Number of protein chains: 2
Amino acid sequence: MCSLPVPREPLHRVAVTGGTHGNEMSGVYLVRHWLQAPGELQRPSFSAMPVLANPAATAACRRYMDRDLNRTFISTFLTVRASPEDPYEVTRAQELNQLLGPKASGRAFDFILDLHNTTANVGTCLITDTAHNVFALHLCHHLQLQNPELPCRVLMYQRPGEESYALHSVAKNGLGLELGPQPQGVLRADFFSQMRALVAAALDFLELFNQGMALPAFEMEAYRTVGTVDFPRTKDGDLAGTVHPQLQDRDFQPLPPAAPIFQLFSGEDVLYEGEATVFPVFINEAAYYEKGIAFIQTEKLTFSVPALPSLTPAPTPVP
Amino acid sequence: MCSLPVPREPLHRVAVTGGTHGNEMSGVYLVRHWLQAPGELQRPSFSAMPVLANPAATAACRRYMDRDLNRTFISTFLTVRASPEDPYEVTRAQELNQLLGPKASGRAFDFILDLHNTTANVGTCLITDTAHNVFALHLCHHLQLQNPELPCRVLMYQRPGEESYALHSVAKNGLGLELGPQPQGVLRADFFSQMRALVAAALDFLELFNQGMALPAFEMEAYRTVGTVDFPRTKDGDLAGTVHPQLQDRDFQPLPPAAPIFQLFSGEDVLYEGEATVFPVFINEAAYYEKGIAFIQTEKLTFSVPALPSLTPAPTPVP
């Protein structure tokens, strides 16, 4: 497996970002809380910085103001000369790139953990761009081992050849944490607590790595995006039906050929026409209607993740 | 029980309204479907008119543009002289009042059935303004009898002394139909089908009434609003916690004094300080954060609903 550079030094510059989508409330309220009470994000070798990624959208309780911020961290937007006519999120992506990057530079943050919710029934979902992100996969493995009671699934979101566009891609390493189902604009205590515990466990992992913990090789199941399926639509582009009751809420479950995927308003079923079983995720996510996505098709694979060399223990402050 | 005038004539002018809140998708898509295929709303003695109540908010997939349309059908807004500076929903309320009213006039529609969703776990909830709405309570009773498998609860939403402000109050009689939990912006097939079946059953009831069906007296359990409870907040007005896991999703269940209602971000619980058991509804509804409502307190009462005289059978067209 071709892999991205892995850390050779302790990770000191770490950010935890929430409100990248302004109506995904677990991250919004965790970050707001940590901005007032940052102690929870401190570890002996680093203090993670809480960042409210999209303050305007958060204030308006909307996903975004002008365009989806979490699709904006690509060179087209990050390198263009700033103009007062820029969409709000282009300006904000440039600011975040200055704060946490610049992306792909030596000055970039060591790690970004970006917090999200979805209306889909994904449970706990850990999002990396690709299988090349070996360090992030070690973190995922750690979170899985720490939470044996949770189905804590790893999703490789990026499609082959696609430039990474998510906020966490600004740092040298990063991970998206996606919990659902939670409606937009609603803060559920269960997901709030669960996300808080997962962030704590992630920071603990970074601390263990900084202290020189060895990271042996392992095998891991993960889901990799292979395509997307749009809703059935009328000739005007409006919905002609919605996700079938037999598919709704069944994220990460196998979808075989000829299984029903949509129920038309006329009463008929639409069957899955693919030739192979896929594993749908983000089924009926509210924010994806406008993107033309009723669900994302993934394949379930087993990856061999190589060992990472232990760091020389970093000096820690004497308490 | 003091009661509102009940129909003495067949109900011929009936409207089914959806998209009163533009991100409550069951009603939005049912109405859009019926605008193309109105046959489903026809009965021998009437054809119900589908109305997309808030087209601008529906197009934007938002609850409203400028103010909550379903709080706008009061004389302050309906009788003010129109101005180009009016909020969009004031203009729209006046248009709907012309189309379906005028409210409290002889020219008003006979019945409006207004379709809603909530992020709260209310199941099937039938909303009347008050216990005075005897005809609507007969419809509720019919829907309960037709759907014995559903917990089909009746909520009297209006508080004593409050002017009725909902869209359905424009007609001589009306009912709100509220299904949840469904996230804003999501169309679930199960609620779509359920709402469609409930609307069909409601229209069947109006037809039976028009044909001269006797409506005997009955007793009914219903929930009546007694107050609202806001989220715990910081001195800046921001959330300091959210609905307690032991209260979340327990709409219409008894909440006794000293039960936990909120979990603060600091980790502490907030207990219910009321002196009597109440029955919370609209627990953690996304749209109510801005209204300062974490849940609505109701009392559970038994009402004696009087019989309604049978109409002289209306002439029906020969098929």
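Just so it is clear, glycine is given a Cβ too, placed from its N, Cα and C backbone atoms.
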Worksheet item: Which residue of B:His116, B:His132, B:His138 does TrEMBL report at the same Zn(2+) site as B:His21, B:Glu24?
Response: B:His116
Worksheet entry | Secondary structure content of the domain 'AstE/AspA barrel-sandwich hybrid' (B:219-300), with strand meaning DSSP E or B | 3 helix, 35 strand, 44 coil
Practice prompt. May I ask which residues of the same chain, at least 6 positions away in sequence, place their Cβ under 8 angstroms from the Cβ of B:His21 (Zn(2+) binding site)?
Written response: B:Asn54, B:Ala57, B:Arg63, B:Tyr64, B:Asp68, B:Leu69, B:Asn70, B:His116, B:Asn117, B:Ala287
Discussion item. Beyond the listed site residues B:His21, B:Glu24, B:His116, identify every same-chain residue whose Cβ lies within 8 Å of the center of their Cβ atoms for the Zn(2+) site.
Written reply: B:Gly18, B:Gly19, B:Thr20, B:Asn23, B:Gly27, B:Arg63, B:Asn70, B:Leu115, B:Asn117, B:Thr118, B:Glu178
Discussion item. Roughly how many Å lie between the Cα atoms of B:Glu178 (active site, proton donor/acceptor) and B:Glu24 (Zn(2+) binding site), rounded to a whole value?
Written reply: 10
Discussion item. So, three-state DSSP: helix, strand or coil for B:Glu178 (active site, proton donor/acceptor)?
Written reply: strand
